[in-house]
Amino acid sequence: MADVNITVLGAGVVGLTAALVLSQHANFKVTIVAKHMPGDYDIEYASPWAGANCLPVGKPGTILQRLERDTWPELNRICKHVVEAGIHYQDTVIYNRAKDAKSVTGEWLNELVKQDPWFKDILPNFRTLPSSELPPGIDSATAFTSVCINTPVYLSWLVGQCAKNGVILKRGIAAHVADAAVLHHTGNPADIVINCTGLSAGKLGGVMDPTVYPGRGQIVVVRNDPGVMSTISGTDDGEDEATYIMQRALGGGTILGGCLQSNSYDPFPDPNLANRIMRRCIDLCPALVSSPSTTSSTSPPDISRLSIIRHAVGLRPMRKAGPRVEAEKISGVWVVHCYGHGGYGYQSSWGSAREVEGLVEGVLGRVERAKL
Ligand code: FAD
């Protein structure tokens, strides 16, 4: 089979996973070109800031639901068999307040908080909590097993897997998506460019997708152990504020979140919001401040008992219609788009990569037929 040159533009979780899947084809010569790489922390680079866990939010029949459904088996496999990838299982509880259903976070989490969601047969140990187990103010709750990913470890692991398969990683900035074709490591132009530029797809030449926008997320990373991973449908502090808690694998700390602030590019943590996030997380999970290893037993059960590693902000690459995964010829170059993964890029990464692979095979078939 003839060699096929592919440039993947972007080294976030979406680009790295796509490159890894493509590199499993012996005749695909894959170059990753990116402005930011794992190890960088930048407001234009979403992947390092994510929690990250797998809490499906795609509504039935949407592309997001399909991508999430097709990602879980691989996350589960890696979690079970590849300890160095930085993923571990977490007991998970999702709390729902009926009054949040129409709020910004309520809309985001509508599917997740259902008592009968589509993923109940996919994520292990799914059950609905009896009303006797519900805390005050909670209308319903579910529990299941999911995963939490130590994102710096996992992104580095993906880089290593790519390198092992012969993928070449290069720094570069493309002003136009078609320019990425000439950045292929062989010196010959790429046959196909995979556009995994996340939020930057809104300003990348040849793409300029006007429906892409930031969903600002602010988090506090702490040393405290919550015991379980938990999320609630909303808060009383503002409808774009959220409360979620997850502990990363391999000592990566516990992420306290958060918010979903549309169209805000502000890269600086807001100290007042940080205080609200910490207060709400302790209310949701008092166990956070009862562990003797990270707290002083003499201090009261308030935010002073959180041992803070850092405050941080990331921008989720939102897109109005959800992720875009499709092929298009731009300025004479075949491009497979894969961007717009909002707050669900990890939990939809493997499904996205498999769809990219299918689209690449489809493009190659069209090119071959055109030669006949
Ligand atoms: P990015 O990680 O932003 O990567 C984009 C890449 O493209 C970068 O390498 C960048 O340098 C490159 N690039 C862009 N333009 C150019 C150019 N012109 N030339 C060269 N390179 C370019 N998801 C989950 O699944 N679970 C979670 O629990 C979760 N929690 C989150 C919490 C927070 C606070 C945030 C901010 C996000 C969270 N997410 C979560 C969402 C997840 O982080 C994103 O969906 C995901 O990181 C998007 O990955 P990406 O590869 O598309 O984009």
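Quick reminder: no glycine exception, Cβ is built from N, Cα and C everywhere.
Just so you know, TrEMBL annotations are computer predictions that nobody has curated.
The following features are taken from TrEMBL:
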BINDING   VAL177, THR197  FAD binding site
BINDING   TYR244, GLY343  D-dopa binding site
DOMAIN    6-356  domain 'FAD dependent oxidoreductase'
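Shown here: features listed in TrEMBL, placed on the structure.
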residue: VAL177; record: FAD binding site; contacts (Cβ under 8 Å, 6+ apart): LEU9, VAL193, ASN195, THR197, LEU204, GLY205, GLY206, VAL207, ILE330, VAL333, VAL335
residue: TYR244; record: D-dopa binding site; contacts (Cβ under 8 Å, 6+ apart): GLY51, SER230, THR231, ILE232, ILE255, LEU256, GLY257, GLY258
residue: GLY343; record: D-dopa binding site; contacts (Cβ under 8 Å, 6+ apart): ALA50, VAL57, TRP108, GLY215, GLY217, LEU260, ARG316, MET318
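Closeness to ligand 1 is met by THR197, GLY343, these being the binding-site residues among VAL177, THR197, TYR244, GLY343 whose Cβ falls under 6 Å from the molecule. For the domain 'FAD dependent oxidoreductase' (6-356), the model's average pLDDT works out to 96. Annotation note: TYR244 (D-dopa binding site) sits in a strand segment as assigned by DSSP. Within 10 Å of the C-beta of THR197 (FAD binding site) we count 29 further C-beta atoms, all protein chains included.
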